[in-house]
């Protein structure tokens, strides 16, 4: 699913509104994912505390949103812009790429709950398309 110029503008505008809360969004989304999709805990078994408000969850949530920020900055070519992250997730971390969609959905839920007035149906569609593209870019090295 490709992003139109209108979609790109909507994503950049939404990121401008939410970026100051990115760490909180990432921590909340990752915490939700670990609770709602407990099978994802297998990737974090080396953490001593997998509870939603734990320090490792908050730290990794921040890292996730740093990746989202990178994707926003590389919105015109996320596949090329996220190649290093794709390689890391495919070859080092060995994350099932289906989990990218799961976490993307959790991020959208958190954005919608934190920014209900800004998360219009149009913004939702553009952000969903963006996260689909981001997930696809991260899965590039799995082929």
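Glycine is treated like the rest: Cβ placed from N, Cα and C.
These come from Swiss-Prot:
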type	residues	note
DOMAIN	2-143	domain 'Globin'
MOD_RES	2	N-acetylserine
BINDING	60	O2 binding site
BINDING	89	heme b binding site
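Locations of recorded Swiss-Prot features on the structure.
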residue	record	DSSP (3 states)
2	N-acetylserine	coil
60	O2 binding site	helix
89	heme b binding site	helix
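Here the Cβ of the residue listed as 'N-acetylserine' has 7 other Cβ atoms within 10 Å, regardless of which shown protein chain they belong to. Each of the binding-site residues 60, 89 was scored by the number of other CB atoms within 10 Å of its CB, and the largest score is that of 89. For the pair residue 2 (N-acetylserine) and residue 60 (O2 binding site), the C-alpha distance works out to 28 angstrom. Rounded to a whole number, the distance between the Cα atoms of residue 60 (O2 binding site) and the residue listed as 'heme b binding site' is 14 Å. Mean pLDDT for the domain 'Globin' (2-143) in this predicted model: 96.
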